[in-house]
Amino acid sequence: MTCTVLVGGGWGDEGKGKCITYLCYNDKPSIIARAGVGPNAGHSVEFRGDKYGLRLTPSGFFHEDARLLIGAGVLVDPEVFLHEMEYLSKYSVADRTGVDYRCAIIERKHKEQDQSSSYLSKKIGSTGTGCGPANAERVMRTAKLAREVEELGDFLTDVPLEVNEALDEGEDVFVEGSQGFGLSLYYGTYPYVTSKDTTASTAAADVGIGPTRVDEVIAVFKSYITRVGEGPFPTEISQEEAEEMGLEEYGTVTGRRRRIGLFDMEMARESCMINGATQIAVTCVDRLYPECERVREYSDLSAEVKRFIEDIESATGVPVTIISTGPSLEDTIDLRDELL
(Lines of atoms letter the chains of each structure in order from A and count residues from 1; the text may use other names and numbers.)
(Lines give C-alpha, C1' and ligand atoms only; values in the text may rest on other atoms or scores of the structure.)
Protein backbone atom coordinates (compact mmCIF):
# COMPACT_ATOMS: atom_id res chain seq x y z
CA MET A 1 0.00 0.00 0.00
CA THR A 2 1.30 3.44 -0.95
CA CYS A 3 -0.39 6.81 -0.73
CA THR A 4 1.32 9.36 -2.97
CA VAL A 5 0.52 13.07 -3.16
CA LEU A 6 1.81 15.06 -6.14
CA VAL A 7 1.92 18.86 -6.04
CA GLY A 8 3.33 21.75 -8.04
CA GLY A 9 6.45 23.39 -6.67
CA GLY A 10 6.16 26.72 -8.51
CA TRP A 11 3.29 28.89 -9.75
CA GLY A 12 1.57 26.05 -11.56
CA ASP A 13 2.23 24.89 -15.13
CA GLU A 14 5.14 22.73 -13.93
CA GLY A 15 4.27 19.73 -16.06
CA LYS A 16 2.23 17.89 -13.44
CA GLY A 17 0.00 16.40 -16.15
CA LYS A 18 2.93 14.64 -17.82
CA CYS A 19 4.23 13.35 -14.49
CA ILE A 20 0.81 12.10 -13.43
CA THR A 21 0.36 10.39 -16.78
CA TYR A 22 3.68 8.60 -16.45
CA LEU A 23 3.29 7.61 -12.80
CA CYS A 24 -0.28 6.34 -13.12
CA TYR A 25 0.52 4.43 -16.31
CA ASN A 26 3.47 2.69 -14.66
CA ASP A 27 2.32 2.33 -11.05
CA LYS A 28 -1.36 1.65 -11.76
CA PRO A 29 -2.97 2.92 -8.54
CA SER A 30 -6.44 1.67 -7.66
CA ILE A 31 -7.69 5.20 -6.97
CA ILE A 32 -6.68 8.52 -8.52
CA ALA A 33 -8.14 11.42 -6.55
CA ARG A 34 -8.25 15.06 -7.62
CA ALA A 35 -7.48 17.68 -4.98
CA GLY A 36 -6.95 21.43 -5.29
CA VAL A 37 -9.09 24.50 -5.83
CA GLY A 38 -11.32 23.64 -8.79
CA PRO A 39 -11.61 24.25 -12.55
CA ASN A 40 -9.36 27.32 -12.47
CA ALA A 41 -6.37 25.05 -13.09
CA GLY A 42 -5.80 23.16 -16.32
CA HIS A 43 -3.76 19.98 -16.71
CA SER A 44 -2.43 19.13 -20.15
CA VAL A 45 -2.19 15.40 -20.83
CA GLU A 46 -0.73 13.67 -23.88
CA PHE A 47 -1.35 9.94 -24.29
CA ARG A 48 -0.87 7.74 -27.36
CA GLY A 49 -0.68 10.73 -29.67
CA ASP A 50 -3.81 12.45 -28.33
CA LYS A 51 -3.74 15.65 -26.29
CA TYR A 52 -6.29 16.52 -23.62
CA GLY A 53 -6.89 19.66 -21.58
CA LEU A 54 -8.55 18.87 -18.24
CA ARG A 55 -9.91 21.10 -15.49
CA LEU A 56 -11.63 18.71 -13.05
CA THR A 57 -11.14 15.09 -14.12
CA PRO A 58 -8.05 13.41 -12.62
CA SER A 59 -5.22 13.44 -15.17
CA GLY A 60 -4.62 9.72 -14.72
CA PHE A 61 -7.97 8.90 -16.37
CA PHE A 62 -6.36 6.81 -19.14
CA HIS A 63 -5.51 4.11 -16.55
CA GLU A 64 -8.84 2.41 -17.19
CA ASP A 65 -8.83 0.16 -14.12
CA ALA A 66 -8.62 3.12 -11.73
CA ARG A 67 -11.47 4.66 -9.79
CA LEU A 68 -11.45 8.45 -10.36
CA LEU A 69 -12.52 10.69 -7.49
CA ILE A 70 -12.97 14.41 -6.85
CA GLY A 71 -12.47 15.31 -3.20
CA ALA A 72 -14.73 17.42 -1.00
CA GLY A 73 -12.20 20.24 -0.97
CA VAL A 74 -12.53 20.77 -4.73
CA LEU A 75 -15.00 23.27 -6.19
CA VAL A 76 -17.11 21.71 -8.95
CA ASP A 77 -18.57 23.54 -11.93
CA PRO A 78 -21.28 21.12 -13.16
CA GLU A 79 -21.00 22.40 -16.75
CA VAL A 80 -17.25 21.77 -16.86
CA PHE A 81 -17.55 18.40 -15.12
CA LEU A 82 -20.33 17.02 -17.33
CA HIS A 83 -18.54 18.26 -20.46
CA GLU A 84 -15.42 16.34 -19.45
CA MET A 85 -17.42 13.19 -18.80
CA GLU A 86 -18.60 13.35 -22.42
CA TYR A 87 -15.25 14.56 -23.76
CA LEU A 88 -13.48 11.54 -22.25
CA SER A 89 -16.13 8.95 -23.13
CA LYS A 90 -13.48 6.99 -25.07
CA TYR A 91 -12.05 5.98 -21.69
CA SER A 92 -15.41 5.26 -20.00
CA VAL A 93 -14.63 7.99 -17.49
CA ALA A 94 -18.26 8.60 -16.51
CA ASP A 95 -18.58 5.00 -15.31
CA ARG A 96 -15.54 5.34 -13.03
CA THR A 97 -15.81 8.85 -11.60
CA GLY A 98 -17.15 9.86 -8.20
CA VAL A 99 -17.73 13.35 -6.82
CA ASP A 100 -17.84 13.85 -3.08
CA TYR A 101 -21.34 14.92 -2.09
CA ARG A 102 -19.81 17.72 0.03
CA CYS A 103 -18.07 19.50 -2.87
CA ALA A 104 -19.12 23.15 -3.13
CA ILE A 105 -20.64 24.21 -6.44
CA ILE A 106 -19.56 27.02 -8.75
CA GLU A 107 -22.66 28.77 -10.07
CA ARG A 108 -23.04 31.26 -12.90
CA LYS A 109 -23.18 34.14 -10.40
CA HIS A 110 -19.72 33.22 -9.11
CA LYS A 111 -18.21 33.41 -12.59
CA GLU A 112 -19.94 36.73 -13.22
CA GLN A 113 -18.59 38.13 -9.94
CA ASP A 114 -15.10 36.88 -10.78
CA GLN A 115 -15.10 38.34 -14.28
CA SER A 116 -16.70 41.68 -13.37
CA SER A 117 -14.27 42.46 -10.54
CA SER A 118 -11.48 44.68 -11.85
CA TYR A 119 -9.49 43.89 -8.71
CA LEU A 120 -9.62 40.13 -9.30
CA SER A 121 -9.37 40.13 -13.09
CA LYS A 122 -6.78 42.88 -13.58
CA LYS A 123 -4.76 43.31 -10.39
CA ILE A 124 -4.73 39.72 -9.12
CA GLY A 125 -5.02 38.02 -12.53
CA SER A 126 -7.88 35.66 -11.68
CA THR A 127 -8.83 33.10 -14.33
CA GLY A 128 -12.47 34.22 -14.08
CA THR A 129 -13.75 30.70 -13.40
CA GLY A 130 -15.65 31.67 -10.25
CA CYS A 131 -13.47 29.85 -7.75
CA GLY A 132 -12.74 32.80 -5.47
CA PRO A 133 -16.37 33.89 -5.06
CA ALA A 134 -17.49 30.25 -4.62
CA ASN A 135 -14.88 29.64 -1.93
CA ALA A 136 -15.95 32.88 -0.23
CA GLU A 137 -19.52 31.56 -0.08
CA ARG A 138 -18.27 28.29 1.33
CA VAL A 139 -16.48 30.15 4.11
CA MET A 140 -19.73 32.02 4.80
CA ARG A 141 -21.55 28.65 4.83
CA THR A 142 -23.94 29.70 2.08
CA ALA A 143 -22.50 27.70 -0.85
CA LYS A 144 -24.58 25.07 -2.63
CA LEU A 145 -23.18 21.54 -2.32
CA ALA A 146 -22.97 18.78 -4.91
CA ARG A 147 -25.69 16.78 -3.16
CA GLU A 148 -28.11 19.58 -4.09
CA VAL A 149 -27.40 19.37 -7.84
CA GLU A 150 -29.64 16.85 -9.59
CA GLU A 151 -27.36 16.45 -12.62
CA LEU A 152 -24.57 15.18 -10.37
CA GLY A 153 -26.72 12.58 -8.63
CA ASP A 154 -25.27 9.54 -10.39
CA PHE A 155 -21.72 10.58 -9.51
CA LEU A 156 -22.08 11.34 -5.80
CA THR A 157 -20.02 9.35 -3.32
CA ASP A 158 -18.17 9.55 -0.01
CA VAL A 159 -14.59 10.10 -1.18
CA PRO A 160 -12.83 9.79 2.23
CA LEU A 161 -14.60 6.49 2.84
CA GLU A 162 -13.57 5.09 -0.55
CA VAL A 163 -9.98 6.28 -0.24
CA ASN A 164 -9.38 5.09 3.30
CA GLU A 165 -11.02 1.71 2.69
CA ALA A 166 -8.71 1.26 -0.30
CA LEU A 167 -5.67 2.05 1.85
CA ASP A 168 -6.92 -0.35 4.54
CA GLU A 169 -7.10 -3.07 1.91
CA GLY A 170 -3.50 -2.46 0.82
CA GLU A 171 -4.31 -0.69 -2.44
CA ASP A 172 -2.35 2.22 -3.92
CA VAL A 173 -3.88 5.70 -3.92
CA PHE A 174 -2.60 8.65 -5.96
CA VAL A 175 -3.63 12.22 -5.10
CA GLU A 176 -3.30 14.98 -7.72
CA GLY A 177 -2.76 18.50 -6.50
CA SER A 178 -3.32 21.49 -8.78
CA GLN A 179 -1.70 24.88 -9.39
CA GLY A 180 1.48 25.31 -7.34
CA PHE A 181 3.16 26.27 -4.09
CA GLY A 182 3.70 29.90 -5.13
CA LEU A 183 -0.06 30.36 -5.48
CA SER A 184 -0.90 29.13 -1.97
CA LEU A 185 -3.25 31.46 -0.11
CA TYR A 186 -1.01 31.05 2.96
CA TYR A 187 2.53 30.62 1.62
CA GLY A 188 2.44 32.14 -1.86
CA THR A 189 3.06 35.67 -3.13
CA TYR A 190 -0.01 37.18 -1.42
CA PRO A 191 -2.24 38.82 -2.59
CA TYR A 192 -1.32 37.41 -6.02
CA VAL A 193 -2.45 33.92 -5.08
CA THR A 194 -5.36 31.54 -5.49
CA SER A 195 -8.31 31.21 -3.10
CA LYS A 196 -6.98 28.40 -0.84
CA ASP A 197 -3.82 26.61 0.20
CA THR A 198 -2.13 24.47 -2.46
CA THR A 199 0.35 22.45 -0.41
CA ALA A 200 0.49 18.67 -0.01
CA SER A 201 -1.11 18.70 3.43
CA THR A 202 -4.18 20.48 2.08
CA ALA A 203 -4.29 18.22 -0.99
CA ALA A 204 -4.47 15.21 1.32
CA ALA A 205 -7.17 16.89 3.40
CA ASP A 206 -9.13 17.74 0.25
CA VAL A 207 -9.75 14.04 -0.35
CA GLY A 208 -10.04 13.02 3.31
CA ILE A 209 -6.62 11.49 3.91
CA GLY A 210 -4.93 12.09 7.27
CA PRO A 211 -1.23 13.07 7.36
CA THR A 212 -0.08 9.77 8.87
CA ARG A 213 -1.38 7.88 5.84
CA VAL A 214 0.71 9.74 3.25
CA ASP A 215 3.84 7.84 2.20
CA GLU A 216 5.31 9.94 -0.61
CA VAL A 217 5.07 13.61 -1.58
CA ILE A 218 6.32 14.44 -5.07
CA ALA A 219 7.02 18.12 -5.81
CA VAL A 220 7.10 18.93 -9.52
CA PHE A 221 9.33 21.68 -10.91
CA LYS A 222 9.90 22.81 -14.47
CA SER A 223 13.55 23.32 -15.44
CA TYR A 224 12.67 26.99 -15.82
CA ILE A 225 9.89 28.86 -14.01
CA THR A 226 6.66 30.21 -15.51
CA ARG A 227 3.83 32.30 -14.15
CA VAL A 228 0.47 33.43 -15.56
CA GLY A 229 -0.93 36.75 -14.37
CA GLU A 230 0.36 39.37 -11.98
CA GLY A 231 2.63 39.10 -8.95
CA PRO A 232 6.29 39.05 -7.91
CA PHE A 233 8.67 36.95 -10.00
CA PRO A 234 12.29 37.34 -8.78
CA THR A 235 13.97 35.35 -11.58
CA GLU A 236 11.81 36.64 -14.46
CA ILE A 237 13.46 37.34 -17.82
CA SER A 238 12.12 39.49 -20.65
CA GLN A 239 9.90 38.09 -23.40
CA GLU A 240 12.71 38.81 -25.86
CA GLU A 241 15.17 36.74 -23.81
CA ALA A 242 12.61 33.95 -23.46
CA GLU A 243 12.01 33.89 -27.22
CA GLU A 244 15.75 33.74 -27.88
CA MET A 245 15.84 30.66 -25.64
CA GLY A 246 12.88 29.16 -27.51
CA LEU A 247 10.59 29.46 -24.49
CA GLU A 248 7.09 30.68 -25.27
CA GLU A 249 4.04 29.24 -23.49
CA TYR A 250 0.34 29.94 -23.00
CA GLY A 251 -1.98 29.00 -20.13
CA THR A 252 -4.26 25.96 -20.54
CA VAL A 253 -7.35 27.66 -19.07
CA THR A 254 -6.86 31.34 -19.89
CA GLY A 255 -4.77 31.22 -23.06
CA ARG A 256 -2.69 34.04 -21.59
CA ARG A 257 1.01 34.13 -22.32
CA ARG A 258 3.10 32.78 -19.47
CA ARG A 259 5.86 34.85 -17.97
CA ILE A 260 9.23 33.07 -18.05
CA GLY A 261 12.04 33.00 -15.51
CA LEU A 262 15.13 31.07 -14.52
CA PHE A 263 14.95 28.23 -12.00
CA ASP A 264 14.62 29.60 -8.46
CA MET A 265 16.59 27.48 -5.99
CA GLU A 266 15.34 29.41 -2.96
CA MET A 267 11.72 28.92 -3.98
CA ALA A 268 12.40 25.22 -4.57
CA ARG A 269 13.94 24.88 -1.11
CA GLU A 270 10.99 26.56 0.62
CA SER A 271 8.47 24.64 -1.46
CA CYS A 272 10.03 21.28 -0.59
CA MET A 273 10.25 22.21 3.09
CA ILE A 274 6.62 23.27 3.50
CA ASN A 275 5.25 20.48 1.28
CA GLY A 276 7.33 17.86 3.09
CA ALA A 277 8.56 16.61 -0.28
CA THR A 278 10.16 13.18 -0.36
CA GLN A 279 10.83 13.25 -4.11
CA ILE A 280 11.27 15.84 -6.86
CA ALA A 281 10.25 15.57 -10.51
CA VAL A 282 11.93 17.93 -12.98
CA THR A 283 10.17 18.51 -16.31
CA CYS A 284 10.86 20.20 -19.65
CA VAL A 285 14.59 19.54 -19.42
CA ASP A 286 14.56 19.23 -23.21
CA ARG A 287 13.22 22.78 -23.57
CA LEU A 288 16.11 24.31 -21.65
CA TYR A 289 18.73 21.80 -22.78
CA PRO A 290 17.80 20.70 -26.34
CA GLU A 291 20.76 18.32 -26.49
CA CYS A 292 18.94 16.16 -23.93
CA GLU A 293 15.68 15.86 -25.86
CA ARG A 294 14.18 12.36 -25.51
CA VAL A 295 17.15 11.08 -23.50
CA ARG A 296 15.98 8.10 -21.44
CA GLU A 297 19.02 7.18 -19.35
CA TYR A 298 20.57 9.37 -16.67
CA SER A 299 24.05 8.45 -17.85
CA ASP A 300 23.27 9.95 -21.27
CA LEU A 301 22.39 13.40 -19.90
CA SER A 302 24.89 16.17 -20.50
CA ALA A 303 27.29 17.16 -17.72
CA GLU A 304 25.50 20.53 -17.49
CA VAL A 305 22.13 18.90 -16.83
CA LYS A 306 23.61 16.54 -14.26
CA ARG A 307 25.10 19.53 -12.41
CA PHE A 308 21.69 21.24 -12.55
CA ILE A 309 20.02 18.17 -11.01
CA GLU A 310 22.72 17.93 -8.34
CA ASP A 311 22.29 21.63 -7.51
CA ILE A 312 18.54 21.11 -6.99
CA GLU A 313 19.17 18.15 -4.70
CA SER A 314 21.80 20.10 -2.76
CA ALA A 315 19.53 23.14 -2.33
CA THR A 316 16.47 21.16 -1.24
CA GLY A 317 17.87 18.05 0.40
CA VAL A 318 15.38 16.02 -1.65
CA PRO A 319 16.27 13.45 -4.34
CA VAL A 320 15.29 14.09 -7.95
CA THR A 321 13.63 10.82 -8.98
CA ILE A 322 11.80 11.74 -12.20
CA ILE A 323 13.31 13.69 -15.12
CA SER A 324 11.15 14.47 -18.16
CA THR A 325 13.00 15.00 -21.45
CA GLY A 326 10.05 15.18 -23.85
CA PRO A 327 6.26 15.05 -24.14
CA SER A 328 5.76 11.29 -24.54
CA LEU A 329 5.68 8.81 -21.66
CA GLU A 330 8.83 7.14 -22.90
CA ASP A 331 10.76 10.41 -22.61
CA THR A 332 11.16 9.94 -18.87
CA ILE A 333 14.11 9.01 -16.68
CA ASP A 334 12.84 7.18 -13.59
CA LEU A 335 15.39 6.92 -10.79
CA ARG A 336 13.06 5.78 -8.02
CA ASP A 337 14.38 2.23 -7.85
CA GLU A 338 17.93 3.53 -7.56
CA LEU A 339 17.39 6.36 -5.08
CA LEU A 340 14.56 5.24 -2.79
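Here the Cβ of each residue, glycine as well, is placed from N, Cα and C on the backbone.
Feature annotations, reproduced from Swiss-Prot:
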{"type": "ACT_SITE", "residues": "D13", "note": "active site, proton acceptor"}
{"type": "ACT_SITE", "residues": "H43", "note": "active site, proton donor"}
{"type": "BINDING", "residues": "12-18, 42-44, R258, 284-286, 324-326", "note": "GTP binding site"}
{"type": "BINDING", "residues": "D13, E14, G15, K16, N40, A41, G42, H43, T127, R141, Q179, T194, R256", "note": "IMP binding site"}
{"type": "BINDING", "residues": "D13, G42", "note": "Mg(2+) binding site"}
{"type": "BINDING", "residues": "T252, V253, T254, G255, R256, R257, R258", "note": "substrate binding site"}
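Structural mapping of features recorded in Swiss-Prot.
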| residue | record | DSSP (3 states) |
| --- | --- | --- |
| D13 | active site, proton acceptor | coil |
| K18 | GTP binding site | helix |
| H43 | active site, proton donor | strand |
| T127 | IMP binding site | coil |
| R256 | IMP binding site | coil |
| V285 | GTP binding site | helix |
| T325 | GTP binding site | coil |
Subject >> Where the record names D13, E14, G15, K16, N40, A41, G42, H43, T127, R141, Q179, T194, R256 as binding IMP, the maximum Cα to Cα distance in Å >> reply: 34
**OP:** Between K18 (GTP binding site) and H43 (active site, proton donor), find the distance joining the two CA atoms and give it rounded to the nearest Å.
**Re:** 9
Subject >> Pairwise Cα distance for Q179 (IMP binding site)/V285 (GTP binding site) [Å, integer] >> reply: 20
**OP:** By CA-CA distance, flag whichever of G12, G15, R257, R258, T325 among the binding-site residues is nearest to N40 (IMP binding site).
**Re:** G12
Subject >> In sequence order, the binding-site residues (G42, G255, R256, R257) whose C-alpha falls within 10 A of G12 (GTP binding site) >> reply: G42
**OP:** Specify the nearest of the recorded positions D13, G15, H43, S44, V285 to R256 (IMP binding site), where nearness means the distance between Cα atoms.
**Re:** D13
Original post:
Around D13 (active site, proton acceptor), how many other C-beta atoms are within 10 angstroms of its C-beta?
Top reply: 26
Original post:
Do you see any of the binding-site residues R257, R258, V285, T325 whose C-alpha is within 10 Å of G42 (IMP binding site), and which ones?
Top reply: none
Original post:
Should any of the recorded positions D13, T127, R257, R258 have a Cα within 10 Å of the Cα of S44 (GTP binding site), which are they?
Top reply: D13
